[in-house]
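Look at TrEMBL and you will find 110-119 tagged as compositional bias 'Basic and acidic residues'. The compositional bias 'Polar residues' annotation in TrEMBL covers 120-149. Residues or ranges marked as region 'Disordered' in TrEMBL: 96-150. If you look up TrEMBL, you'll see Tyr101, Asp204, Tyr306 marked as site 'Important for catalysis'.
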Amino acid sequence: MVSERFDPEQWEPAALNDEFRDITYHRAVDSGTVRIAFDRPDVRNAFRPGTVDELYDALDHAKRQTDVGCILLTGNGPSSKDGGWAFCSGGDQTVRGEDGYQYEGDEESEAQRVRESQSDSRSPSEVQSTSEDASEDASGQSPRAQASEQGRLHILEVQRLIRHIPKVVVAVVPGWAVGGGHSLHVVCDLTLASEEHAKFLQTDPDVASYDAGFGSAYLAKQIGQKKAREVFFLGKTYDAEEAAEMGMVNEAVPHEELEETALEWGRRINSKSPTAMRMLKYAFNMTDDGMVGQQVFAGEATRLGYMTDEAKEGRDAFVEGRDPDFDEFPWHY
Ligand SMILES: CC(C)(COP(=O)(O)OP(=O)(O)OC[C@H]1O[C@@H](n2cnc3c(N)ncnc32)[C@H](O)[C@@H]1OP(=O)(O)O)[C@@H](O)C(=O)NCCC(=O)NCCSC(=O)CCC(=O)c1ccccc1C(=O)O
């Protein structure tokens, strides 16, 4: 069983699913929707470094599927220990070291294996680095294979991927969204929550952590400064209805309808124009993302420009060694 509310008739395992240990990755049978789920329910779906690597890989894979328009990010459950539900409870505090979260056990062996296999051809700093885009990794290794001796804080790379992925990412919250898990739901485009079990809580300052980026500053854009400061400074727990009233949850639905509603949202999203949805996501991001936001939006504008006959004339003229002739193209106003 993947998760109690998971309907196996509606999903098939996606590529990479069998390689993952801490997450599951499925694709809907009837729409361009994928479901990526934390799969550590006994620890409220806390993430360790390997979890973050897998999450990055799954998101990066989903990003590249041109027939996928919607990504559901959720948490499997319930806990086999006490029946509790969670979206994600943030960084696994049991593996937190002095400079970040540590790979452990077989993750360490993986780190050692990767270091040994790469030591002939790469400097130590290269071995420890990751790029935001897996395809840009000089070694050709997936981020999953980049287990490091150093502590990691790379959930922020996942946050940036969610922010820039040209698809709609929906946080589907069946239980606790806490600490770094709360920040993840904040950075997702939409949040759908279980009426009965979803709970939203920021414990970052309790464990001397601080997401000073999207987790706090972007949250304040969603729910206002006073409320966002309350979330962090008082550490109150909010249920799904309260979170919806605050503006950080789009809708609260009965727990047993959560996954079906999420799939229905996926179908609605996939029925819309991919270009329009991509441009809208980047438009929403742009005002908060500074020059990077402008660059991402501008890149898509350039892509649209390249698709025109006008752009083809510019390219063809260069390739054919002649002056371009733009006379037939109007100066639109
Ligand atoms: C989530 C709780 C509120 C749930 O409470 P409750 O329902 O009473 O259940 P518990 O009995 O407490 O928990 C059940 C079981 O799960 C274990 N567990 C829960 N959360 C974690 C966790 N985060 N790490 C490890 N283990 C966890 C718990 O110990 C129990 O185990 P048993 O063996 O059964 O006893 C409550 O559990 C809770 O408050 N959890 C801690 C939440 C927390 O503080 N999370 C960390 C916040 S900091 C963070 O997430 C990192 C931030 C971050 O990502 C980041 C920030 C800035 C820069 C970079 C980064 C980055 O990249 O990491």
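Cβ atoms are placed via backbone N, Cα and C, with glycine included.
The structure, with features from TrEMBL marked on it.
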residue: Tyr101; record: site 'Important for catalysis'; Cβ neighbours (10 Å): 25
residue: Asp204; record: site 'Important for catalysis'; Cβ neighbours (10 Å): 23
residue: Tyr306; record: site 'Important for catalysis'; Cβ neighbours (10 Å): 12
Cα-Cα distance linking Asp204 (site 'Important for catalysis') and Tyr306 (site 'Important for catalysis'), given in Å to the nearest integer: 45
